[in-house]
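Worksheet: one structure, shown below.
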Amino acid sequence: MTFSTFTRKMRGRMRSNTCRIVLLTSLVWVIFDFVLIARYSDCIGKDGWRCKRSGEYDVELPNAERLVDDNQLVDDNEINTEKSLDGESGGALIMGQGFASGGISMTYPSVVLKKWFLAPSVQEAKGKPGEMGKPVKIPADMKDLMKEKFKENQFNLLASDMISLNRSLTDVRHEGCRRKHYASKLPTTSIVIVFHNEAWTTLLRTVWSVINRSPRALLKEIILVDDASERDFLGKQLEEYVAKLPVKTFVLRTEKRSGLIRARLLGAEHVSGEVITFLDAHCECTEGWLEPLLARIVQNRRTVVCPIIDVISDETFEYITASDSTWGGFNWKLNFRWYRVPSREMARRNNDRTAPLRTPTMAGGLFSIDKDYFYEIGSYDEGMDIWGGENLEMSFRIWQCGGILEIIPCSHVGHVFRDKSPYTFPGGVAKIVLHNAARVAEVWLDEWRDFYYSMSTGARKASAGDVSDRKALRDRLKCKSFRWYLENVYPESLMPLDYYYLGEIRNAETETCLDTMGRKYNEKVGISYCHGLGGNQVFAYTKRQQIMSDDLCLDASSSNGPVNMVRCHNMGGNQEWVYDAEEKWIRHTNTGQCLQRATRDDANTPLLRPCSYGKGQQWLMESKFKWQAH
């Protein structure tokens, strides 16, 4: 073989190898491109050529979706469900420790998650009543009509009827919330709204606010549950109206008046979304309300989330933003109350006002919960009647049985708060509320049950009914004790846990007892004959040196003055008292004076006086309860 022949062969082989390399490289890039397209597109193998391009949507539909900006999407791989909900590796409340194993998975299979798009903002109809959440002004010549219509629903129905069903609202979110990133795929939700004789405009404004301000892909359906309404327009007229809505909406009806609890259970039975979102029938959802709720649940399906509940004025329908620094608690009589978030929880959140807030209890009207978890944890207590107490029962159950309850500051929903209910209840409101509270006490309060009965004389007479099924549920879920709840979830609770004495405080000379007399904040503490029935005569002398009854503490601002009942602030000062168990006197730290029995001038009011250590300044503290904290 000549050198030239050898050279030609080598060149031919090199060209052949080069072609192979080029072909293989091209094939690799084609495969890589296909993988990328399949990874980031929902169109492949689904709607194919019908998929819309960025920025395209049906302009004739006012509620059509717009594409999320790229910087507002979070890739699915960024969701780390192995960490705690705060992104921490540890903490006092870690899921799965000490609770029943098994049950639903903590996370969702990817196949059920949907890619979503931001809902467009509702544009202001300038000059129209109530736009941008502004108050409605009723003309002077319509005041009488306004007062008459107010009686129908205990809110200004005339003002509501003047406002568009699609009224605009300001974006009330914290600036940091508007920059939040959420997962690009989230679970769908079904909205369940129970109503009874609701006004047409408030009910449909609730529905339209859901439709207008929710990512359409995440909104599975809206379920309206009519709890035996008697108004004609809530019958066929409502069914025909909702049938034309751009989101699947239908009406279920109870056969007889069932109450909120059982009506919600009926609605939940028909839910087809992954998450149930319960709303009241007189709400308005704001921009970006839904995504933060679902984004939290997608991280952990055992998290139950609530929006911040803003106020819609019952007089003017003005939209008023609520504080993001309050959480849910309860008092000695198991009444739900809003209290300021303690510094402990603020520190856990690194003082980030946009971070999820762990709340001891929820108001109960508005929240989202994974559908399977709702049933796994026992849904609602079907032994409860109508309304009242179900929010505390579910709150205790969530925390004690391994779940987490949060308020999501980046989600805002307005609610029409009324001074009184326009509805009547079979047997009366008090009977129903006490029955429900008794069921809560019997199942969840453990040894604090007797304390609750001592504080609420009506509850002692109320029948809780058969609670064996609910106790069995608690055993099956291996739930924690109420003491664990107070020590770990709600150490700021007003329920007596950390105290020296709990019971009546009796004057040695007059044999009369300190008594709140049913008075309210900033009124004087009283004194009356000792009746031994608990209630207004139960006081706790705490290890913070407070003398408290429920959320009221004895407070003295000046020497020789009266002693008032002021909301406990846990900061000492005017509310700090020292009890000498041997001498039996109660000395006020700030003034150095002692608590003395009432005088003839005012036989019902104890006073502060210089300490004389006489019998009129001696007080007997005897604990009635045996389960004091160690």
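Glycine is treated like the rest: Cβ placed from N, Cα and C.
The structure displayed is predicted, hence computed values, not measured ones.
Listed by Swiss-Prot as binding Mn(2+) are D280, H282; the candidate from H412, H415, H435 that the record includes in that site is H415. Candidates considered were C410, C479; the recorded disulfide partner of C401 in Swiss-Prot is C479. Swiss-Prot records a disulfide bond between C410 and C177, which is the match among C51, C177, C611. Across the structure, C611 (disulfide bond) and N166 (N-linked glycosylation site) place their CA atoms 67 angstrom apart. Looking only at the binding-site residues R257, H282, H415, R418, the densest Cβ neighbourhood within 10 Å occurs at H282. In this view, C611 (disulfide bond) is surrounded by 17 other Cβ atoms within 10 Å of its Cβ, with every protein chain counted.
In this model, the region 'Catalytic subdomain B' (356-418) carries an average pLDDT of 95. According to DSSP, C177 (disulfide bond) sits within a helical segment. Around C594 (disulfide bond), the same-chain residues six or more apart in sequence whose CB sits under 8 Å from its CB are W585, I586, R587, H588, L608, R609, P610, C611, S612, Y613, Q617, listed in sequence order. Cα distances from R418 (substrate binding site) to the recorded positions N166, C177, H282, C513 are smallest for H282.
Residue counts for the region 'Catalytic subdomain A' (186-296) under DSSP, split into helix (H, G, I), strand (E, B) and coil, are 45 helix, 29 strand, 37 coil.
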